[in-house]
Amino acid sequence: MFSSILRKVFGSRNDRLLKKLRKNVDAINALEAEFEKLSDEALKAKTDEFKARIEKGEALDNILVEAFATVREASKRVYGMRHFDVQMLGGQVLHEGKISEMRTGEGKTLTATLPTYLNALSGKGVHVVTVNDYLARRDAEWSNQLFTFLGMRVGCNIPGMSPEQKRDAYQADVTYGTNNEFGFDYLRDNMAFSPQDRVQRPLNYAVVDEVDSILIDEARTPLIISGQAEDSSELYRRINTIIPKLVQQEKEDEEGQEGDGDYTIDLKAKQIHLTERGQLHVEEILHEESLLPEGESLFAAGNISLLHHINAALRAHKLFSKDVDYIVKEDQIVIVDEHTGRTMEGRRWSEGLHQAVEAKEGVRIQNENQTLASITFQNYFRLYNKLAGMTGTADTEAFEFNHIYGLETVVIPTNRPMQRKDMPDLIYLTAEEKYEAIVEDIKACVKRGQPTLVGTVSIENSELISRILKKSKIPHKVLNAKFHEHEADIVAQAGKPGAVTIATNMAGRGTDIVLGGNWQAELEKIENPTESQIEKVKAAWKESHDAVLAAGGLHIIGTERHESRRIDNQLRGRSGRQGDPGSSRFYLSLDDALMRIFASEKMGNMMKRLGMERGEAIEHPWVTRAIENAQRKVEGRNFDIRKQLLEYDDVANDQRKVIYEQRNELLDEGDISETIAVIREDVVSSVVDEYIPPQSLEEMWDVSGLEERMRADFAVDLPIKTWLENDDKLYEEKLRERILNEVVDAYKQKEAVVGEQVLRQFEKAVMLQNLDSHWKEHLAAMDHLRQGIHLRGYAQKNPKQEYKRESFALFSEMLEALKVEVITILARVKVQAEEDVQKVEEQRRQADDVPKNFEHEDATAAPEEASDQVRTQVREGAKVGRNDPCPCGSGKKYKQCHGKLK
């Protein structure tokens, strides 16, 4: 209450920021008349003028007012579109490296041209990041006209381009592309075979469109480049036949009472576990199939791979559903993004899950993958000097943006007041009743000529509603990942009178639904249209537009609540753009996923006791509030998962930075002999210390062992015993120095034979080849460490601290092993001529040329530390769970009834 009084007196931080930015908007508006008088040439010349001023040391902030005025005037001449004052506010927020929340239809694409132009003047490049290839291409083509007019070049970075095309796109002043492609290019550059293979410039400034989708929804899933490992497709097929023989058990085994099922499912955590009975049953089947030797346990150390296959197959069959989590397309499993409903072509699940799904669906099984490089979006986007974002729904996640990315969210007011009417949710007992009510609502909209957008959470649901509408003979269009090629056409006409469009939650996002339909799309169908044809199309559109306005604008129907309030708000936000009228309503049932998890059995019993008849619904603000509270819980849990993923990845990120920095230095250096000399001294000293411990008695020295080791590792025959017999003053330091000198002399002799240039090339090739192979193995070791680290919680240890400690130890061991291997190879290998160097280079290139997968994998952070162990209690009869119905028959939960007495 006190804070709300303070806000009324002093205004919120958001209000104060906007008030400050409005001063610049007034200054830009004051320049408008002056800039209107400039010729096209004079306006274009402004770009060179600004660049010259920046080169002399002038700050971008000092040029902002004139640069924004230049872009506004250029836009008027190129597109006939003038930036509104609210777009000027949004542009300034983006330039300051903040998130600009602008409602759907407020012109985010046009707003982005302002800070993009200003920051591109520095010559360091600007990246505009979009959610898919279609939007990247569309926005690049659209903005190209404006930037070309202003003397700048636009590039587009999409999958499938050659390195030359990518390099050209990155050299442009402004580069449009998808988040995945920018991230993969960064990883590829750090795996480059030579400096010429790199495509990116240093990361300068990024404007992220639909920033919530990219930095939050997709932040739980790291980008991974992987190569294929050994073929185990036959084993996947055989394990696949075992799963249908297993039976699900509803509850986990309890003390003294074992269930009769083989596995249990945890829907919230999306996990599946074998019961004790299930383990024995699986072992029995594996013995019969000759996959497990008689008398051996599934959990024996040698059978870890078999257990891994069983778990993957169980998850594939019981947790992943066709047309919800994936689709089958051209003999391949294509993942469906749970957040956007789009297909993720070329992406694969890790840990053998993808192969298990392939076996389940009977398509060709592709080999398992080995991680070659990986990064999370959190750590990739934090590499930019300045990061900004825009979306229609960021305010609900403002804390996360600030906490993880250091980005402040500024809510920009709408150009015209919002007129959309958001109606309370309707809740039905069953899904069948819910769909009947939805169809009735659609029929009413069609009858009055009101366009309808029906939002679903999965492809399966969108196709179910489509089938129901077909039965009712209602014409409609379906927009989901299966038909994303026609996305723009469907969205363009979704605002026509009486049009019905079914879309998975975020399909079509980024394209406005214009009331009355899109007249420009109609015009494109006519070849070389005449003036009269253009006028005819515009007149027809005006008639449709007015009819839709009279019918109430676009009506949004939500068929289910999403886990996140933000995604529900995005669906609502498709209606009511630019002050247009509109309406929205969500239809729910107790069968919905969110309601199954969070709505208690009590609510269902209460609805039945109220004597609700078929087709009746509950409509009350309390219910809507309860659902939003449930969504808040899920959002909080998802935030914790993302935060935890980041905390674990930060450990790997520090190591990644060190390796990538070293690797890039090696690539750019022509001569690394000084580095090799330093490493050689370290390695020789370590070897000597093993056999002659520092500050030890001569009796403790293993001289013959040291002689043998020097012969084996460094290919030098050193009579160390003779040296010691002949020289009484030859102690540790002097001996170490003499051994090192002998190793260096032997290497110099090799250099004299082979030639300095050849040896320098050989050193670089060996160093890079070994760095890459050791880093690859280290990533696999880190993966394995990560998968089991949560078990340390049972030993009362903090898994995060343990992970940090052990990963540091692994990293140190990897660096030591790398040093030893490089020096011993250089010492032992006989380099005859340049052909030998080329052989090593060829090996490196072959290792680099293996087929790679570019994956945006599902990842879950390692579970938090386990709770403290508690004393075991002996109980008579089965345990009653706190959330189970009370055995007394009251219908209440146990914790609310007799459980209160405990």
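Just so it is clear, glycine is given a Cβ too, placed from its N, Cα and C backbone atoms.
Between the candidates Q87, Q92, Q520, Swiss-Prot assigns the ATP site shared with G105, E106, G107, K108, T109, D512 to Q87. For the binding-site residues shown (E106, D512), fewest C-beta neighbours within 10 angstroms: D512. Mapped onto three states, the DSSP output places D512 (ATP binding site) in coil. Residues Q87, G105, E106, G107, K108, T109, D512 make up the record's ATP site, and a Cβ search at 8 Å around their centroid adds M102, T104, L110, T111 from the same chain. The full span of the recorded ATP binding residues, Q87, G105, E106, G107, K108, T109, D512, taken as their largest Cα to Cα distance, is 17 Å. Within the same chain, residues at least six positions away from T109 (ATP binding site) with a Cβ under 8 Å of its Cβ are D139, W142, S143, D209.
Under the three-state DSSP scheme, Q87 (ATP binding site) falls in the helix class.
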